[in-house]
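Residues or ranges marked as region 'Disordered' in TrEMBL: 62-112. Taken from TrEMBL, the feature compositional bias 'Polar residues' covers 62-77, 86-110. The transmembrane segment annotation in TrEMBL covers 117-136. Residues or ranges marked as domain 'Thioredoxin' in TrEMBL: 158-326. According to TrEMBL, the feature Cu cation binding site maps to 198, 202, 287. Taken from TrEMBL, the feature disulfide bond applies to 198-202.
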């Protein structure tokens, strides 16, 4: 017992002297009263705990030239023995709260941005798309209208020169009367070249011609004379032509003549014809399928091909006649 007591007393004195010497020499900022007031009865373990706590406090709060201390820091609060553990836990809690506060401050300082696609951006994109589609559609329509106007202007514009179509001829009509081009002066005429033994094309074209003549009369009151000229003079006699033309229209005039006169007339109107599949008296004639519009001076105006039906033929002739009258006026 005595030896144990002496050992504890010696250890207490050594720790006390070491603690006093170390604190007084190294940490001059700590008041000496806080060390001198340490009771002698304190155990060596408590002294060592107080020393470690004071050392940690002083080391962490040592002034640093590069870091400014907050004026509200309490240095003396952690020096008291017995409060070091509580102060450490409070410091830890404060540190956690401080770090959390700094993170919240940083998050609040950041600018809040929306997603990559918002309703406003989607609306603007939609409006832009609608505008582009509208602009493209408008420009397309304007381009088409420009092409239509250009094509119409070319058709209706003044022509440079005239086609070398038409000329004098001497033929016989379906009543056996000799006629020339002068007999058709003063009237609008539609000439068609064919032959009476044609199986399908010539009847179709003459039916179309007769229907167009009636439509022109009904729409505009124009009188246009339909004329059929045979390119098969060997078989198309006057009687044959007379029986043939009256099947289509009462105003249809049929013309035939000698092979030489028919050939001369076809050449003047740039009409092609030739016999094909000749077997005795039974043969066909290949020829141009064209109608020629001639003005009252027997001058060529325009030709109409097989692609015109009766309505488009009538409208085309009416338009050409009206345009011709404007130019002459």
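Yeah, the Cβs are placed from backbone N, Cα and C, and that goes for glycine too.
Please treat TrEMBL annotations as automatic predictions, because they have not gone through curation.
Annotated features, which come from TrEMBL, shown on the structure.
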residue : record                 : Cβ within 10 Å
198     : Cu cation binding site : 18
202     : Cu cation binding site : 23
287     : Cu cation binding site : 20
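Take the mean position of the Cβ atoms of 198, 202, 287, the recorded Cu cation site; other residues of that chain with a Cβ within 8 Å of it are 193, 194, 195, 201, 205, 231, 285, 289. Mean model confidence for the domain 'Thioredoxin' (158-326) is a pLDDT of 91.
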